[in-house]
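What follows is a short report on a single structure.
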Amino acid sequence: MTNPRHNIRDVRAATGTELSAKSWMTEAPLRMLMNNLDPDVAERPHELVVYGGIGRAARTWEDFDRIVATLKTLTEEETLIVQSGKPVGVFKTHKDAPRVLIANSNLVPHWATWDHFNELDKKGLAMYGQMTAGSWIYIGTQGIVQGTYETFVEAGRQHYNGNLKGKWILTGGLGGMGGAQPLAAVMAGACCLAVECDETRVDFRLRTRYVDAKAHTLDEALALIDQWTKAGEAKSVGLIGNAADIFPELVKRGIRPDIVTDQTSAHDPINGYLPSGWTVAEWRAKQESDPKAVERAARASMKVHVAAMVDFWNMGVPTLDYGNNIRQVAKEEGLENAFAFPGFVPAYIRPLFCRGIGPFRWAALSGDPEDIYKTDAKVKELLPDNKHLHNWLDMARERIAFQGLPARICWVGLGDRHKLGLAFNEMVRSGELKAPVVIGRDHLDSGSVASPNRETEAMKDGSDAVSDWPLLNALLNCASGATWVSLHHGGGVGMGFSQHSGMVICADGTDDAARRLERVLWNDPATGVMRHADAGYDIALDCAKEKGLRLPGILGN
């Protein structure tokens, strides 16, 4: 039987100004869908897998073809409905409505488990969309680099007086998300030892300059770390091995990294985490033949892995969960103190979320890197006092290789996002940019996610699991005129542990686009300030007052 999810073909987004669709409002989602499956972007594009275990862009190749065909004929007064990667309907709406509405892997809470999802998945009734895979705004590993960089910089401020020179970070996983860690560490001034079981991933990170060296043994990797830290150099090494073996071995040897984290795809025990003692080939085969055996072995390995992280924490090493739900699995497997160390959001990122600051991103539909460099310059011009951001943009230009369509990630917040969006739109109108840009973000943002073991862990008022907020965020983005809006379940941390929404808006240089951009790029981050103000965070309350937000049940205005 032919696998409907496997097809040996290369997909790449069109570039330039010639349209395949009826307008830029439908050309934009078409190109970004294709960009998600570019061989330089996606992890397993022939299987429709973009990143994060089995995060897909479309349910089957037949569905992909139908989405493409529909987008090419969709008018500016129609909206395409996509249900878990399948184009199920086209409806008459209006010009300011989203052109595409997407819902991925959403399940009624009682049934929101991997077992139930996998059953639906096998029947062809569902698709795991991760966060930006099924919402068509993945830009490669750059998409998470700045967030990781901000985390490491803040950890350096809190624990090492703001100086990571001569320090090293231990982590695991070099997939679509984890691959950001070594480069982010180096940008923050630290060395990094990243453990990865799949050599092809290490090689890919070497090729795209996200990692500096490769090692086959722990001793070889440690020798490089020792050499670099003593010389005060910031460099990274990808060690081919299993984190469930390497982390405990380092504990056994009494070796103390300066920061410990992990970004293996532990959120998906079957497809995302190699059990200790298994080869990659054996693992891939048993995912099909005996998935339950894989799950049992992977979960047992995660317990060992997290136990080692707790050991590092108890040694006084700053240790953080980077949002893959590995602590939850370890606790379910009997490790009572699995949550001894914190997640990265409550430890380092929440003050940014309180001001609506998060992973704003844009991609140049022209395909020309110069369009991105021009927008980089515009960001500096409009935000002249944000030297930290200027430093990031300079490092990004120097170190980050574009994957697929040229793109940029840039953490900015309420009051700045709409300003940048309007400026980019004017650059398209004037011809300074060769073609329109799309502006979006990760679902990991201040007002668009409920994830009690990650973004909303340890909320001040105990509202960690309240998922009204991402639903309201999606609804408001629809009402505001985003070009496409998505609502997903299970991204980052797996089934049953998160709900989250995304939006993308196209800046095509028109007056209509300007009006939509101003609404969307103000309202979207404002929901994050609202959510954190409602939880009682003073930073968010002050920001809401400063920006003049009308929050009757919170500010009484």
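One is the number of the first residue shown, and numbering goes on along the chain from there.
Each Cβ is built from the backbone N, Cα and C atoms, and glycine gets one as well.
Annotated in Swiss-Prot:
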BINDING   52-53, Gln130, 176-178, Glu196, Arg201, 242-243, 263-267, 273-274, Tyr322, Gly492  NAD(+) binding site
ACT_SITE  Cys410  active site
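Looking at Glu196 (NAD(+) binding site) and Cys410 (active site), their Cα atoms lie 27 Å from each other. In this structure the alpha carbons, written CA, of Tyr273 (NAD(+) binding site) and the residue listed as 'active site' are 30 Å apart. Across the structure, Gly492 (NAD(+) binding site) and Cys410 (active site) are spaced 20 Å apart at their Cα atoms. When other Cβ atoms within 10 Å of the Cβ of Cys410 (active site) are tallied across all protein chains shown, the result is 21. Taking Cβ-Cβ distances under 8 Å and a sequence gap of 6 or more within the same chain, the neighbours of Gly52 (NAD(+) binding site) are Gln130, Met131, Ala133, Gly175, Gly176, Met177, Ser265, His267, Asp268, Gly272, Gly491, Gly492. Secondary structure at Ala243 (NAD(+) binding site), taken from DSSP and collapsed to helix, strand or coil, is helix. Around Ala243 (NAD(+) binding site), the same-chain residues six or more apart in sequence whose CB sits under 8 Å from its CB are Gly172, Gly173, Val195, Cys197, Asp262, Thr264, His305, listed in sequence order.
DSSP classifies Tyr273 (NAD(+) binding site) as coil under the three-state reduction. Of all the binding-site residues given, namely Gly176, Glu196, Ser265, the one with the smallest number of surrounding CB atoms inside 10 A is Ser265. Cβ contacts within 10 Å of Gly492 (NAD(+) binding site), excluding its own Cβ and spanning all protein chains shown: 27.
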